[in-house]
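These features come from TrEMBL:
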type: TRANSMEM; residues: A:7-25; note: transmembrane segment
type: TRANSMEM; residues: A:45-62; note: transmembrane segment
type: TRANSMEM; residues: A:69-87; note: transmembrane segment
type: TRANSMEM; residues: A:93-115; note: transmembrane segment
type: TRANSMEM; residues: A:122-143; note: transmembrane segment
type: TRANSMEM; residues: A:199-219; note: transmembrane segment
type: TRANSMEM; residues: A:246-266; note: transmembrane segment
type: TRANSMEM; residues: A:286-305; note: transmembrane segment
type: TRANSMEM; residues: A:352-373; note: transmembrane segment
């Protein structure tokens, strides 16, 4: 496959994790006190891999070239709108929707990148932010005929859908892959555990693996090396006969296409779009994911995306009565105190927890969760008798 | 006709006439030094040659073609490589990667979307970079982080990167500035070896007289933005105008 041994191992590990995610994410039996930490339900699993794709693409731009875009949610949104229009006009099959979402986002990012990359550093970031906010406002107001404005878009029964046959009476249009419906699930009960295998999740996971494989190839290619050179020293690059602009633009468009792919998949899983997914906080979220996981590393963005989406969906669901249950074994006064202390960090306060974790990671682990993993790994290595290699780290950390 | 022909070049920054009326001809396969006291316009002249600055007047011809109005990367692709005063290398990349990038730039031009092939499959590029590392006596450092090299090794690496593009003209901007005497001598030896072994023209801007007199075949003395005199090192040594220009500087500095 054109990969070295370590990269193949990494890809295989990720593939196995994706395949067995319904088990891995559901470690607690149904009905137990810990069941709320289970993340093995289709909606969340789909989000984990789709935002993984988004972050993998963002990392090709930010991790390799160092250009920090604050507007990538715009490409995700544009991809989503393109996908939903394919579903309205062509077919509920997700394949054309996904392909068109990538192409449209690619074209849009070519335009935005061509203009924004005239500047670098903070000015580049502000330009991308401005573009994203313009796209958001336009989607909300002027472009309502195309975007559905505040209500957004979803497939309707009377849409043309020229490739699909007419729907039977009382049937609603559902996203499918050649007849296999995306929301179709198979539930397997083992004792108290229930594991859900969802068609949409596995489609998204396969797409994520392909996206991950392509990203490894880009990282290991001469093109990827040039992108790292852009980040390292543009002056030297220019005086080495290389034009930085097309390199950064290509990276920008590739990452825009990844964002479009994520947007298209979101629509394939849940057939509706609203302008809010282009809001600047969504652009900021992918920056957090990439930095939290480890910018410039291969697996980091996937970890970061998984971590944040898990927090968003799990920590935010813990409420006061659950807390009271947890601390019920304590004496009354202490129980109340603990509940009061922990309460701001859960439920709607999950952002506070995320913010603190983000600060801790940036201060103590500048290389993100990946660096944390490496440190733990090195700790274990050191305990073994000293090998012949003084330090296993010869290539840049991935 | 020299390989580099500078004619009537002038450059003004606001009220300061940095370059007055510079004429310079660098002969092919020679080592030509440009010296002068601080503020003589040496760096401005160099920046005009590589596309960082565009002169207000005059022309700069390289091998019969004008370089004016071209971007630095285009001028580099014409065959002019530049070594900076403080070594400019890709500090976050390995030594080997540093050496491969100019090899790719030489083969593929200013841009190539080579996103799917892997680096290990580019055998000819690896061979070329390894060869150059050996020439620079750095083969044992190939996996090192370029940023962690010593100052002297960074300089060697940068010169090696420039040479791996097989440039016709190598421009050096005070290549020994801030170096210890031993490193300076190593650099002098390296440059001597390069000019003897390769078909290359070297133009060097330098402050250090020791470096200039051990390397140069021709010397141009620049003072207050205009060339004072151009001659062989021996004649320059005895030239009273040159002494005056430098003596004036020492008096000011004192």
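The count begins at 1 with the first shown residue.
Cβ coordinates come from backbone N, Cα and C, glycine included.
Residues of the same chain lying 6 or more positions beyond the ends of the transmembrane segment (A:122-143) and with a Cβ under 8 Å from any Cβ of it are 67-74, 77-78, 81, 112, 115-116, 149-150, 275, 278-280, 283. Recorded stretches compared: A:45-62, A:199-219, A:246-266, A:286-305; the one with the most Cβ pairs under 8 Å to the transmembrane segment (A:93-115) is A:246-266. Sequence-distant neighbours of the transmembrane segment (A:352-373) (same chain, 6+ residues past either end, Cβ-Cβ under 8 Å): 288, 291-295, 297, 299-300, 303-304, 307-308, 311-312, 315, 344-346, 397-398.
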